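Q: Straight from Swiss-Prot, here's the annotation block:
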- Gly174, His175, Asn176, Gly177, Ser178, Gly179, Lys180, Ser181: ATP binding site (BINDING)
- 140-374: domain 'ABC transporter' (DOMAIN)
Amino acid sequence: MDNSAIFEEFNSKKISQDDLEATITSLNNYFVKLNDLNNQYINLIRQDNIDKIEKQNIRQQQKQVKVEIKKISATTKLFKQNLKLAESLYKKIKLTNNQDDINKAKHEVEIAKSMLLQLKEVINGQGKSIKLKKLSDIAIEINHLSFKYGPEFPNAIDDVSFTINQGEYVTIIGHNGSGKSTISKILIGVLNAQHGEIKIFGNIVNDHNIEQARKFLGIVFQNPDNQFIGSTVEADIAFGLENKRIDPKKMPDIILDSAKKVGMEWALKKEPLNLSGGQKQRVAIASTLALDPDIMIFDEATSMLDPKGKREIKEIMVQLRETRTKTILSITHDMDEILNADKVIVLDHGKLVRVAKPLEIVEDKDFLRNIQLDVPFVGLVREELEKKGIKIASTQNIDELVEQICKK
């Protein structure tokens, strides 16, 4: 039986994929606009002299945008009707016993269901699927941040402010309890600060946009075992890409490229848990790199590794620094690592006590010892040589130190 007339009528009435994409694009554009207005409003109310007219204008614009979002959200009804239309088509075609046409009609039902679900996800997500714009070249800006774990506890973070520029490699150091890991948890949204603000590329992070802001971030934790989900290295890297809804056709190249960047392309078919500690951490870094975050946070990423593993991870971090395509924030106990950084942030009992170049920190051995931090190895060697009357110029690594000694 020829069902072409039935399909022709259906095609003239159905909602297309282009219609869905146009609806979602329009909706996301309004969510982006609302986020920008929220940023403007927050910045305005924090000023000493608030312009009441400007405040009223922003509030009015926020209301107008919310009305538009509500209007577009109401189109869900049309997509529900579209699903009913496809289901009606399927019922009609099923009666004809033409299997090819039945499969074709069934596929139309699946498409209509998928489109309705996609639209609902965007609406229910309230803009969580949008990508925030970069409003500034400052990757991370923390202003007067304070946090305590409970009313009876002292501040774990006490009025801390600092900035990290796009492409910088910055380390945060401090003894146990200094607050460095707390800052990491606040940045990724695990904890909420009681006071102060965080900006990611100029976007003020708040309850409404935390999910979008986190898309700028990739994090490598202390214990890579906790990050493994897949049965192979390849599957583990793929897991994050699937969650990000990357085109499956593009995934093999992305997986291979990220594995090559950390020297683990040979292990793609291996089980992650059977690898060495350093290799596991390299896989964790590859999984993060595959998602292409603008900011990479290394939270004590070398603390559980043997010396060989530590060296391998630090070499990867230096390679990333040299590309200047990623902003690197490393929270670390490893005092030798700070020599690779552009800038060092020092915390003590929740307070920011110093921001300086690595060599400035290494040179001030009394300062480090007063806040219970180890002096990096090159600093200790220089100190011992100076005691014996041998003056050595400041060096940032062991190779430079050996070269200086050989010249004596």
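Positions of Cβ are set from backbone N, Cα and C atoms, glycine also.
Owing to the predicted nature of the structure, the values given are computational and were not obtained by experimental measurement.
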Q: Ser178, Ser181: which of these binding-site residues has the highest Cβ count within 10 Å of its own Cβ?
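A: Answer returned by the neighbour count: Ser178.
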Q: Given the recorded ATP site (Gly174, His175, Asn176, Gly177, Ser178, Gly179, Lys180, Ser181), which additional residues of the same chain have their Cβ within 8 Å of the Cβ centre, ordered by sequence?
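A: For the ATP site the neighbour list reads Thr182, Leu347, Asp348.
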Q: Kindly assign Gly174 (ATP binding site) to one of the three DSSP-derived states: helix, strand or coil.
A: coil
Q: Considering every residue in the domain 'ABC transporter' (140-374), what is the mean pLDDT value?
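A: On average, pLDDT over the domain 'ABC transporter' (140-374) sits at 90.
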Q: Who sits close to His175 (ATP binding site): which same-chain residues at least 6 apart have their Cβ under 8 Å from its Cβ?
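A: The list for His175 (ATP binding site) reads Asp348, Ile371, Gln372, Leu373, given in order along the sequence.
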Q: Same chain only, sequence gap of 6 or more: which residues have a CB within under 8 Å of the CB of Gly179 (ATP binding site)?
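A: Set apart from Gly179 (ATP binding site) by at least 6 residues yet with Cβ under 8 Å, we have Ala156, Ile157, Asp158, Val160, Leu347, His349, Gly350, Lys351.
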Q: For Asn176 (ATP binding site), what is the tally of other C-beta atoms lying within 10 angstroms of its C-beta?
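A: Around Asn176 (ATP binding site), other Cβ atoms within 10 Å: 8.
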Q: If H, G and I count as helix, E and B as strand, and all else as coil, what does DSSP give for Lys180 (ATP binding site)?
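A: Note: Lys180 (ATP binding site) is helical by DSSP.
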Q: When you measure from the Cβ of Gly174 (ATP binding site), which residues in the chain that are at least 6 apart have a Cβ under 8 Å away?
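A: Result: Lys180, Val346, Leu347, Asp348, Ile371, Leu373.
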